[in-house]
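Per TrEMBL, these features apply:
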- A:7, A:8, A:9, A:10, A:173, A:174, A:179, A:184, A:209, A:210: ATP binding site (BINDING)
- A:47, A:74: substrate binding site (BINDING)
- A:276-348: domain 'ACT' (DOMAIN)
- A:356-419: domain 'ACT' (DOMAIN)
């Protein structure tokens, strides 16, 4: 017997029929003897409707009232899920964020969970009930309803799993797991059986939008094992052979659980990246702050940053990337920035960032150089390079993006055998 | 300066434009220096949508979860109303039932308010804020959200008004007051300036569906003065001359505030009433229970009841009315009722109940007989008569209903001067 938290996203609870389908997944686990808590998002489209009303009421609206309005979406789903579970003969009770309670700070609209009192849920679980908890929300010290920001339901699920010391947190979504790359680009992409928290973080922030980054960070910090799987699966399908969690899906876990560490686990792509280069910048303490401070003040998110070793003359080149949409704004901000001395500023839109990610890189030299060779073999020019412990990223021309992804996917042996 | 509770029903907050219009009514009172608390219903249609989902999830669903789902409707309106008020420069904060808190018993779906802690609202009001409270709901001792049943928002408003010792509770709806009769039947119907709680109760339960009966009972018990008025009025219209509440509308108040007591204040009509007569029933203790007990068990609501004085032989006739739709069911229930002895059972559908209501009847003899004469003058046959202290009702054939209403309306001097 295990204790499992099952989280269903908006498309998995889009209407009563979908909620009933999701409930059959819950029933399968209950029938198998597990203790189950459920976390739900709002029915897909509902959050947008509620946000739309707030904006229509006042373009700049009070975040406290926004939260009061928007949090109602999950409340509806939780009650409906409980009704459906009861109809299936499962004892169930819904819990809003304040009823659990899930404590948060008072950063309305993007609150952080500060703690969960597990008593109510623990009692229900021990009694064989299925508590259904609203994702995405909590309550502040001031007794006001808060929301965690978009995608926060994943984070709620992980936090609940940590609070009730669950053996696993299953994230049901509209894809059946985490893939080695985007199957729309590389049809030979294959589903990963397991991926480490660290790899997942690098992939999530790079555009593999299966799990919200915050939820993976929290899972890693709390040691909560995640399974990403599809709610569109047949809930009554027999368990996949040898799979602990009973079906397809990807286990996101600590590295210690991953026996055969791939050098490269995945290839990710982010398009529409613009680069800006400042030539012969005076290299003195504080120069990076002089460049990136004004950009941060203008709320421009900078991605890759490359600074060459300073030449003898105490001058250096700095290059960084930003979304294409911020290109003109960023140029203007830098041209107006005080105390910034350089020879020239230039740049261009239309880049693509390709990254290879894998915990095996740590113990395996030469991944970067092999990556450059694989791209050179296809005649693809590399404009920028950045590396981290388990990731190597390059910026290339956008038109080569898909070719590069497919080439690297094949090069690192990620293609499906039957693909 | 007064302290006012303003309640807006579903059609008055049907969309953001309507909410903004309602908020202008609030602003008018705030600008006049009053302390204002607002109580809101769900946007019209929303409660039906939520109820529909519950029924789709399971035809027989847990009332606790039904309440969790359905109570979300008012939560949305309260937040949106606060946003709109803030946009108008008014400090405002929304409150759900559990945030006030409004305590109720745990009769989910039809809970009764057991008490309201006024501290939160009092503090906001004293600080010049406008608290916006969700109608229709509260919280049970078990920490579960409860709803008061359909129309409960009026009751919430009256209870809030009593808790904060408001000078007045303004009920904004889609009509501009209480009329002497249904204007669709009698175009000469006129709006009452004032009507007593007692009259309002007789009129509400008889089909003048402006205010929910429970809310009037509570207002009478707590001495909360109500004003029924239209949210469709121009919020910026100058105050009606001599009107304390600043516009059109009807004040529902204690009899002591009504100087000129009308003998008859209104004429009401209920159609589709069926009557059933039991002839020569054995008249012994418990016979009424033997008749009406089985009907109550079958959840058939009985309206008028007439029992003639027993004849010498210890037998009597009993006649009562029920909705047409319950006619067949009621006959079957009585035929199967144990221990009930009578000679014959008969009845018919298609009756109409006409009532004249007025506190002046108490001190004025002969209202009943003058009513019968007025109907006889039009050739209308009376089938049944019941009377109470401030009301006389008759059952007539349905096809004469409108004629009877207009005749009585004219007879008692209720027609508009210019009508």
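Every residue gets a Cβ built from N, Cα and C, even glycine.
The model shown is predicted, which means the values in this text are computed figures rather than measured ones.
In this structure, A:209 is the one among the binding-site residues A:7, A:209 with the smallest number of other Cβ atoms inside 10 Å of its Cβ.
Applying an 8 A CB threshold to same-chain residues 6+ apart, the list for residue A:173 (ATP binding site) reads A:9, A:11, A:12, A:210, A:228, A:229, A:230, A:231. In the three-state DSSP scheme, residue A:74 (substrate binding site) is classed as helix. Around residue A:9 (ATP binding site), taking its Cβ as the centre, 23 other Cβ atoms fall within 10 Å, counting all chains.
Taking all protein chains in view, 21 other C-beta atoms sit within 10 angstroms of the C-beta of residue A:179 (ATP binding site). Taking Cβ-Cβ distances under 8 Å and a sequence gap of 6 or more within the same chain, the neighbours of residue A:47 (substrate binding site) are A:10, A:41, A:70, A:73. Helix, strand and coil counts from DSSP across the domain 'ACT' (A:276-348) read 23 helix, 24 strand, 26 coil. Counted over all residue pairs in A:7, A:8, A:9, A:10, A:173, A:174, A:179, A:184, A:209, A:210, the record's binders of ATP, the longest Cα to Cα distance measures 26 angstrom.
For residue A:74 (substrate binding site), the nearest neighbour among the binding-site residues A:7, A:179, A:209, judged by Cα separation, is A:7. The secondary structure of residue A:47 (substrate binding site), as reduced to three states from DSSP, is helical. Under DSSP, the residues of the domain 'ACT' (A:356-419) split into helix, strand and coil as follows: 30 helix, 14 strand, 20 coil.
Packing around residue A:74 (substrate binding site) is summarised by its Cβ count: 32 other Cβ atoms lie within 10 angstroms of its Cβ, all protein chains included.
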